[in-house]
């Protein structure tokens with residue numbers, strides 16, 4: 001017996017969104033001064049707007065987003081990291097570590113992301129990867145795992161180097177992935193961090209270079225960058241009404257203003273819309289949805305959503321685990337999500353009562 005498919009209308013009610021009034025009602029997408037940019041919805045990974053999104057470009061210190069997430073996922077946050085001569089001597093932005101100084105990996109990641117310390121990047125790489133090259137291998141492995149096709153890492157700090165590049169789309173996906181990590185979230189939204197100094201009587205006090213945290217409502221990340229080849233690069237994120245968006249600009253001389261405009265555009269025109277509610281019962285069926293599901297949609301896209309039900313065979317693993325099927329959600333001809341379908345609580349109760357009567 002083949003799995004059965006059925007196109008259905010799940011709800012005739014107007015979908016609810018978190019959209020609120022915006023200062024600008026213009027539906028025209030903002031223009032930027034960036035060589036490439038991307039606007040992404042963090043929870044779903046949908047690219048909402050972009051230009052030259054697949055173009056390979058140097059990304060300067062926004063590289064450190066990948067450095068941070070690889071280090072965080074190593075599980076070594078409480079390790080004491082000793083600063084090597086190679087780390088201390090790294091040129092560019094620095095948190096001014098001293099030779100032999102010991103600092104926890106977690107504190108080094110704060111220095112990496114708030115102050116863009118290249119010395120911190122090398123110290124992190126040597127400790128987590130065994131060497132700088134070993135860590136770069138881990139960064140590229142993570143890139144492959146995420147399915148990135150236009151990204152290549154050659155160092156953990158982002159200084160200009162041949163074959164060190166990403167694209168706006170790829171960097172947006174890296175950022176969205178990292179923003180799902182609780183430790184990463186906490187670090188990149190921190191405005192000021194005080195860290196014990198093991199050598200001096202005074203503590204380190206690091207102020208985040210990301211000015212978006214101070215002048216854009218809801219801003220909560222992520223990283224600045226600049227080199228002579230990459231020029232100004234910026235990744236920012238913000239959360240409003242339960243929706244988190246992130247913006248990437250590469251080679252943009254007006255990045256602060258462009259990021260505000262792009263975030264405003266995203267929140268206004270692509271609000272996170274409740275497509276399916278958990279527990280919603282299929283019409284005429286003793287089944288209900290096992291989860292809620294939301295997606296960023298323009299108002300004109302809501303009428304283009306279709307749902308298709310796939311019923312599982314009784315001998316399938318999914319069926320034995322309690323799922324009776326799944327609801328696939330399509331935006332025109334593109335599959336954008338799926339939700340498991342389970343037996344409704346009412347039917348479970350009725351079956352339990354019937355079984356009890358049969359045993360009496």
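Heads up, the Cβ atoms here are built off N, Cα and C, so glycines get one too.
Within the set 1-32, 33-64, the record from TrEMBL flags 1-32 under the feature region 'Disordered'. Geometry remark: residue 116 (active site) versus residue 223 (substrate binding site), CA distance 8 Å. Residue 64 (active site, acyl-ester intermediate) sits 8 Å from residue 223 (substrate binding site), taking the Cα positions as reference. Spatially close to residue 61 (active site, acyl-ester intermediate) yet at least six residues away along the chain are 93, 116, 157, 158, 223, 224, 225, 226, 227, 233, judged by Cβ distances under 8 angstroms. Within the model, the domain 'Peptidase S11 D-alanyl-D-alanine carboxypeptidase A N-terminal' (25-252) shows a mean pLDDT value of 97, rounded to a whole number.
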